[in-house]
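Colleague: Found this in TrEMBL, in case it helps:
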- 234-459: domain 'O-antigen ligase-related' (DOMAIN)
- 20-41: transmembrane segment (TRANSMEM)
- 53-74: transmembrane segment (TRANSMEM)
- 81-99: transmembrane segment (TRANSMEM)
- 142-160: transmembrane segment (TRANSMEM)
- 203-221: transmembrane segment (TRANSMEM)
- 228-244: transmembrane segment (TRANSMEM)
- 250-265: transmembrane segment (TRANSMEM)
- 272-292: transmembrane segment (TRANSMEM)
- 350-369: transmembrane segment (TRANSMEM)
- 443-470: transmembrane segment (TRANSMEM)
- 507-530: transmembrane segment (TRANSMEM)
- 542-562: transmembrane segment (TRANSMEM)
Amino acid sequence: MSKKQRRYSSTNQSNTMNLYHRFLFGSIFLILLLFSFKRALFQGEQSIFEGPIYAWFICISLLLVLVVSGTMYLKGFYNSRITIVHFVAYLLPISYALSMVSPASSHGSSIGFQIHFGYAACFLIALFLTTNLKGANALIKILLSVSYILVIFGLANWFGDASFWGIFNWSETPGMVSNIYRDAVLNQGVDARLTSVFQYPNSYAALLMGIMIITLLAMVSTRKIKSLVVYSIFVVPLIVSFILTASRGAFVVLPFILFIVLPFLKFSKQLLFVIYTFIAVIISFIISSYLFNEGIDLQVSFSPAKAFLAWVVLLVFSVLFTGISLLIYKYLLIRLEAKTVKWESSRFSNFHLPAIGIVLGGLLALLLFTNTGFTNLLPDNIKSRIDSININQNSVLERGTFYQDAIRLWKDYPVTGAGGGAWKSLYEQYQNNPYTSKEAHSFYLQLLVETGVVGLLSLIILLSVVFYHFIKSYLRKSERDCIPHLSFFVLALAILVHSSLDFNMSFVILGMIVFLCLGGMLGGNELVPFRFQSKISVNRWFYSYPSILLIGSITLLIFSAIDLSSNNQYKSARDNAVQGTSLEEIFTPLNSAISKEKHPEYLDLKMEILVQLYSQSRSPEHRDELEKLLIIGNQLEPNYKPFIQRKLDLLMIDKQYDQALDLIEKSLISHPWEILYFEALANIHFQYGLDNLNNPNKAKEQWKLGLAIEQRVLAKAKGLEALPDAQTQGREFGITSNLALTLGQINYYQGDYSIAAKYLQARLDTTFDDSNDYEAALYYLAALQKQSQSDPVLMETMLATQQDKEQLTSKLEMLLNQSPLQ
């Protein structure tokens, strides 16, 4: 290191690792690995996803306590520039805390704050563990090791058996056995896509993109044969896995990441990087079609022999690439470095190859997107997805709609946003068409919606500070010291850039990786402390900061432990409810869970049971308790749709039809494309009329309003015709089967039997696994008989599915005896 480099070094830690560091690194490895198999900790804002997230937060908080105790109480900590700049880690948690003042979802905002405090903890942990080269290398090896395991696991699922000789059972149902991880391969046949533990191929592709580049960086920088062998053996599996994700967004983003990364390398390293990449891509292309087709077959019908052969093919070609890499290392590397010494002395030598790469990238795009036959080397589904990369296709148009709706939502909450979970809670109020998407498909827009301008500026400041210190320090480091921190940069960049197009950061594991990398980038700081730091005297008051951080971490840890306990109790109550156990066995754990956390799902389960009890007993106690829970629920979660259904159930039991109509009409204002509410509206009018058969004018008035729902729906559906031809509308919206049932019933009571039969026929379902299936069949058969027609096959099928045949025939007789309302 030069004098200038030594002058700027702010790292006073020795380049060694003691037991304390080994424990921390080992813990990070286990956390990343084990929690990856919990759906990569997807933040699905449902209780089924949240238990593992609470457990993850507890583990991260414990690590932060250890890091703070072992670092921030040392006097040397306050002599570093990091002492000041590390405070940027708190900006995002603070922005989420501010958004909790008036959140769209109380629970969503709470868990959003917890997760982002966990991210800040990951940032601080990585920051203080990577201030020396050995620590930085250790963290990179951990990230690579975990990723390689996930790659092997993903391919094992692709080849039909991830049980690894029966050791692992991936079934989520007790007593059942599954050799594959749920949705590790999404879809079947030619549409199959590899997801590994993420259950979402695009986010898996974002991780693979960063890991591929880091692995190639490690290959061009290592001087150890063993290291070269280890890194090179995984390159082909990485590229094959990347291809099998069939992620168009990742295919588009990858060249841009490469063009950003290459200038950080010397010209000789760039050439070596390109050579390795070119050879690996060609080898991967050669076997990708075979592996794709074998995987499709193995998903349908597993054959150990075929799976073994697929593994052999992959291994042979991986070893082939490793052998070529060793030959390049032995015979080309030294010559290449010698030949480029003069070239590298020129001022902008680092930018020459990327500039050429832009031209070559254009040629590659020409090969891929024109009729040259080059894409014929790829599997059919990859070829079709590459061929479909254009702005006039559904995924692009749909994302455009998401982004426009997100901006409209943000404008109503511009400063501090609507809190964690805001998009899921509010998007239906702003949507342009009836799509279903609990994610905005852009991390940055979702952050804007949740935390407003404050949150987005916080992220910009965080990234600006980290990237500034990384680049300035990178220029002052020796070539050998650069690679681990460059690797952090690459992995964070790959995930963050791709996150502009997708919801990668909703996977807490990917968020953890990003913030570990950001902390690692800042951990390589080579800039001197700020001048004002020399004027600050370190006294006992300075130690109050780590003490506050410790207290805060332990407090949040305790709250997370309580949340985890309540989550487990809710699961116990839910399982007992499914099994039909006694009310005491359901309510005891459920009440305990609710006492700890007013989670909307916990409240809803109790409401659902109380609705059933009240409908049977008409007990005032059940009604009063239900109303109290509705008040609490609507105060905390005013946008939680199941609460609307529970309120509607209560009103319908009490036959408070006017209030029920008012409830649904108000709900349609906030959920204008929810066809279930139009169905409910028509049904309320129908039931209202039925209860007023002794008042014909009142009944006719209600049924007229019920029939008018059809025109409201059709008029609104007509607006969907304005969507581009390539964009799907999303959820079904029109005269649905359930709406047709109600329209048919109304027409039946009015004596319009031919019209009634037409609607009712659209609702017929001969599986008879739903009470409405019987209703539709009975009304349809009655309408036919009123017209002197019959359907004996339907009648026979219906009676064959029901033990109490007399009940059905008596209901049919009652309908036949019903005279038209005059």
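Numbers here mean position along the shown chain, with the first residue as 1.
Glycine is treated like the rest: Cβ placed from N, Cα and C.
Curation does not apply to TrEMBL; its annotations are automatic.
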Colleague: Count the Cβ pairs between the transmembrane segment (20-41) and the transmembrane segment (507-530) that lie under 8 angstroms and are 6 or more residues apart in sequence, then report whether there are at least 3.
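Modeller: Counting Cβ pairs under 8 Å, at least 3, so yes.
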Colleague: Before we move on, state whether the transmembrane segment (53-74) and the transmembrane segment (542-562) share at least 3 Cβ pairs under 8 Å, counting only pairs 6 or more apart in sequence.
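Modeller: Yes, since the transmembrane segment (53-74) and the transmembrane segment (542-562) share at least 3 Cβ pairs closer than 8 Å, they count as touching.
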Colleague: Among 228-244, 250-265, 443-470, 507-530, which stretch has the most Cβ pairs under 8 Å to the transmembrane segment (81-99)?
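Modeller: Maximum Cβ contact count belongs to 443-470.
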Colleague: The transmembrane segment (228-244): which same-chain residues, six or more beyond its ends, come within Cβ distance under 8 Å?
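Modeller: Same-chain contacts beyond the ends: 148, 151-152, 154-155, 158, 192-194, 196, 204-205, 208-209, 211-212, 215-216, 218-219, 222, 250, 276, 280-281, 283-285, 287-288, 291-292, 295, 314, 317-319, 321-322, 325-326, 329, 378-379, 382.
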Colleague: Please indicate, using numbers and ranges, the residues of the same chain that are 6 or more beyond the transmembrane segment (542-562) and have a C-beta under 8 Å from a C-beta there.
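Modeller: Distant Cβ neighbours of the transmembrane segment (542-562) are 54, 57-58, 61-62, 64-65, 68-69, 72-73, 78, 114, 117, 121, 596-597.
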Colleague: Give me the stretch from 142-160, 250-265, 443-470 with the greatest number of Cβ pairs under 8 Å to the transmembrane segment (507-530).
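Modeller: When the Cβ pairs under 8 Å are tallied, 443-470 comes out ahead.
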Colleague: So what's the average pLDDT for the domain 'O-antigen ligase-related' (234-459)?
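Modeller: Averaged over the domain 'O-antigen ligase-related' (234-459), per-residue pLDDT gives 87.
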